[in-house]
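Swiss-Prot lists Gly173, Asp174, Arg175, Gln176, Thr177, Gly178, Lys179, Thr180 with the feature ATP binding site. According to Swiss-Prot, the compositional bias 'Basic and acidic residues' annotation covers 535-546. As annotated by Swiss-Prot, region 'Disordered' applies to 520-546. Among the features that Swiss-Prot reports, site 'Required for activity' is placed at Ser374.
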Amino acid sequence: MAELTIDPATIRKALDDFVEAYTPSETPTQEVGHVATAGDGIAHVTGLPGCMANELLTFEDGTLGLAFNLDAREIGVVILGDFVGIEEGQEVRRTGEVLSVPVGDGFLGRVVDPLGRPIDGMGEIKSEGRRILEAQAPDVMHRHPVDQPMSTGLKAIDAMTPIGRGQRQLIIGDRQTGKTAIAIDTIINQKKNWESGDPKKQVRCIYVAIGQKGSTIASVKQSLEEAGAMEYTTIVASPASDSAGFKYIAPYTGSAIGQHWMYNGKDVLIVFDDLSKQAEAYRSISLLLRRPPGREAYPGDVFYLHSRLLERCARVSDDLGGGSMTGLPIVETKANDVSAYIPTNVISITDGQIFLQSDLFNAGQRPAVDVGISVSRVGGAAQTKALKKVSGTLKISLARYRSLESFAMFASDLDAASKAQLNRGARLTELLKQPQFSPYSMEQEVVSVWAGTHGKFDDLAIADVLPFEHGLLEYVDRNTDILTTIRDTGDFTKETEEALDKAVDAFRETYVTKAGKPLVDKKTAPKSVTPVDQEQIKAGKAQEKK
């Protein structure tokens, strides 16, 4: 029998023929895992060894999930959306993508969910691209100093705690103290800039509603529509009925939409209403995923939760487009306690805070800004020259009034100077009252604050302060060019001050008080006296009667 031999050349030729004839299968391969447990907006998934942190996963019913915990045995997934249809044993697939949202001018005037999907029934949104949610904040070398004003239209804020474009200014206070009202008024105040058509003045606004009632979000949208502000505003809505995952990512969605405009040279204003509810949602997610709790049961990285969000608000250098994103985060306190965990975290991250006092709000002082605690660390450099000149003594005067007011409650007799301070402080406090949806222009704020700090309201009854102010602004606008001069120059010169002084004196001669009496008796020549002199005269008359 002949011996069987194999020729190496034959083997090589057979292998080459096989390789040349081989065609790989066109069937795609994909990692598939299975739901081990699901509930409360959380799912534990097994069988996805290649999954990345923050990767998007898809469940059988199309619901998206965010890979949050990567353990050796399983993955902790935050379900983004309704989790009712997710059950044990269902398949889970990787997408190979991180969470991103569509961006572009098509979002102006629209209401979207935290995934960027329209929920206002107005059809699809035409996007200009996509932007990842976990984007890096601009570094120090690519930031520009804050030196342009972001006017709120509120006298109490623009005069004492000014905000600049690119600043992070915290609005903090108890529930029902007017925090959202300040943010909405600031958005409405940008209407004139938008209608000017000047890209350098226009501000695109984003309102992020986190854990709010659906009726509240609808009310905000209606208010913006009635004021004509919705055309330059985007609302990112995550109402109280949404899952904790949606409340967690909603602020990042709004920030991603705003960053697209910022890096294209646009100015953006974003309101986070409010970050307390985002922190609570993040706490519930972390506890359900068995992450170690810390102070007040919040996870250890809750500071990073807010810092990486708010650090994206900046005014960037020309190399990155020269745009800006101004952040107005809102935080709710309990019993005016600003030393709690989340409030102190956000205060340390932001560039200042506007503290709203519930006692002031209940006393009718609205906006209820507490002058003593409120501060703007960088906004002073952005304040217009005119407003800076007239408001220099306002904050000090009000602070002295507050301290003297509490002392006067227990003092039976005060000297004339103290009474004069109380008299002016009460009228300045009344002057700073402002109803909602009635923002002032910068030049109107200058005239109003100047008149208040220069004693033009001192001899008025408290009830006459606001009517006198409204009449004065109308008189100055109708009979002089003072408002136009301040608006065009942005300055308050000595000549403008002299002209305003004459205009105020002329208006005083025509003003009739609420009691029906003229403010100035034309039959008697007015005597020039100081408020202290007036108090001394009154005290002398009282002694004569005795």
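Yeah, the Cβs are placed from backbone N, Cα and C, and that goes for glycine too.
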> If one measures from the C-alpha of Gly178 (ATP binding site) to the C-alpha of Ser374 (site 'Required for activity'), what distance in angstrom results, rounded to a whole number?
Replying inline: 15
>> Cβ within 8 Å of the ATP site centroid (Gly173, Asp174, Arg175, Gln176, Thr177, Gly178, Lys179, Thr180 excluded): which residues?
In response: Glu332, Leu356, Ser358, Phe361
> Which residue, out of the recorded positions Gln176, Thr177, Thr180, Ser374, shows the minimum number of other Cβ atoms inside 10 Å of its Cβ in this structure?
Replying inline: Gln176
>> Tell me the coarse DSSP state (helix, strand, coil) of Lys179 (ATP binding site).
In response: helix
> If one measures from the C-alpha of Asp174 (ATP binding site) to the C-alpha of Ser374 (site 'Required for activity'), what distance in angstrom results, rounded to a whole number?
Replying inline: 14
> Taking the binding-site residues one at a time (Arg175, Lys179), which has its Cβ surrounded by the most other Cβ atoms within 10 Å?
Replying inline: Lys179
> Taking just the CA atoms, what is the gap between Lys179 (ATP binding site) and Ser374 (site 'Required for activity') in Å?
Replying inline: 13
> In whole Å, how far is Ser374 (site 'Required for activity') from Thr177 (ATP binding site) when you measure between their Cα atoms?
Replying inline: 15
>> Under DSSP, is Gly173 (ATP binding site) part of a helix or a strand, or is it coil?
In response: strand
>> Between Thr180 (ATP binding site) and Ser374 (site 'Required for activity'), how many Å separate their Cα atoms?
In response: 17
>> If I take the alpha carbons of Gly173 (ATP binding site) and Ser374 (site 'Required for activity'), what is the distance between them in whole Å?
In response: 11
